[in-house]
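Asker: The following feature annotations were taken from TrEMBL:
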BINDING   419, 423, 455, 458  Zn(2+) 1 binding site
BINDING   446, 452, 478, 481  Zn(2+) 2 binding site
COMPBIAS  361-370  compositional bias 'Polar residues'
COMPBIAS  371-380  compositional bias 'Acidic residues'
DOMAIN    414-491  domain 'Recombination activating protein 2 PHD'
REGION    359-380  region 'Disordered'
């Protein structure tokens, strides 16, 4: 095992406890930033590019037919293949916390639809469930089992908010263990069925789960009701005949007491458990090898890496599985230092470099996420806020803070409409075009007829023109209607006749003086 410190060049504030990593053919992607993402990366998914111990986060690209994927922390994720022999895989994402501190009950499927040397294009789809739909939760697991040529998702554990009838102002964000039910989810038809197994007495959260063919192994976890981390080891077997599925559970000896650990796979029959907690405010510094032979599971301690003093003395740590037998770890910076970083990051390689790549990437296990609430006095609901000094995608911008106005009905305001035949603004790839743009592309109101909104970018407006038209009640006509507007312009103004001055009423050289009566008569005549 080798431990190496990683430097982060940009967007370090994005990486907070509760994130997930997804590995697509050796390329790692970050998901689950803290706070709502900018419109330039509306889903909060980034390419996790590590080269020479240097990390860069680059916003990912999504296809136009993708659904919106909110940034979710502490979700359950797993790899899904149509069959065990299939090389192409997708990621299943369920549950998790939103930046509003709400819990999600949705299932998303992430897949790659385009790939070249410069970028990877994703498609995200949402799966609707019917039947026994699992309640919104976080800190749980979801895995995929394969039996008799069929596949099924298995969901277990986690935490959820206490029922609304029991929530008070003081306990609004209080959470409780979910019931120890096992859910089978058919990803093809969207059917979900709940099973009650007598062996499962507690709703465990932040446990470790490993999927092997038709079997799920559940290790450790934290019971919030009893505040214990039991040394449990469960084997849940799922049989998928033509009729109803059969689900059974068996309690095995040799479990370990751990919560919030990170699981990575080093080869076909071997996994490594890293990190986690064994007691309140006490990290678990021991690493374990989980090996399989036939239907037997063996868990044994392994030689620990050379942990740095910073890691040893930190109260919390968090991270995620990068795939290929590698784990990404984070610890808090030294708050005593005025220029301290928010977090320090490390990369732990558990697999030998000469291990076959196909073996290292093959995994159906759930990537455990870190819960600082399991080991520190912080509440699970406590939010880390972006600071005004946080780095942005463009280098000098400030991060956008969440604003309820962003959630208005955009079908009314038309921000994501096709504003004209040549409109090229894409919700998934849009980046700020004007310095005045914060959360949405700049738009201007065309005054023709009943009026309609058009993108300032599509109208090829200069920024100073955009600012001028946005002030007051100036009328503007888009490229389609500007000719009509010109035809409606009023005729040119006709200058009025000039009134001759009174002195011109005197006859030159006459020397005669007009009487007041004559002056009044002439004035009325010319007026």
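Glycine too: its Cβ is placed from the backbone N, Cα and C atoms.
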Asker: When the Cα of residue 458 (Zn(2+) 1 binding site) is compared with the Cα of each of the binding-site residues 446, 452, 478, 481, which one is closest?
Answerer: 478
Asker: Give me the Cα-Cα distance between residue 455 (Zn(2+) 1 binding site) and residue 481 (Zn(2+) 2 binding site), rounded to a whole Å.
Answerer: 14
Asker: Tell me the Cα distance separating residue 446 (Zn(2+) 2 binding site) from residue 423 (Zn(2+) 1 binding site), rounded to the nearest angstrom.
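Answerer: Residue 446 (Zn(2+) 2 binding site) has its Cα 15 Å from the Cα of residue 423 (Zn(2+) 1 binding site).
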Asker: In whole Å, how far does the CA atom of residue 446 (Zn(2+) 2 binding site) lie from that of residue 419 (Zn(2+) 1 binding site)?
Answerer: 11
Asker: When you measure from the Cβ of residue 481 (Zn(2+) 2 binding site), which residues in the chain that are at least 6 apart have a Cβ under 8 Å away?
Answerer: 446, 448, 449
Asker: Residue 455 (Zn(2+) 1 binding site) has how many other Cβ neighbours within 10 Å of its own Cβ?
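Answerer: That number is 25.
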Asker: Which value does the mean pLDDT take for the domain 'Recombination activating protein 2 PHD' (414-491) in this predicted structure?
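Answerer: The answer is 74, the mean pLDDT of the model over that range.
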Asker: Sorry to bug you, but what's the C-alpha spacing from residue 419 (Zn(2+) 1 binding site) to residue 478 (Zn(2+) 2 binding site), rounded to the closest Å?
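Answerer: Rounded to a whole number, the Cα-Cα distance is 10 Å.
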Asker: If you count the C-beta atoms lying within 10 Å of each candidate's C-beta, which of the binding-site residues 419, 423, 446, 458, 478 ends up with the smallest number?
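Answerer: Minimum Cβ neighbour count within 10 Å, taken over the binding-site residues 419, 423, 446, 458, 478, occurs at 423.
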Asker: How many Å separate the Cα atoms of residue 419 (Zn(2+) 1 binding site) and residue 452 (Zn(2+) 2 binding site)?
Answerer: 8
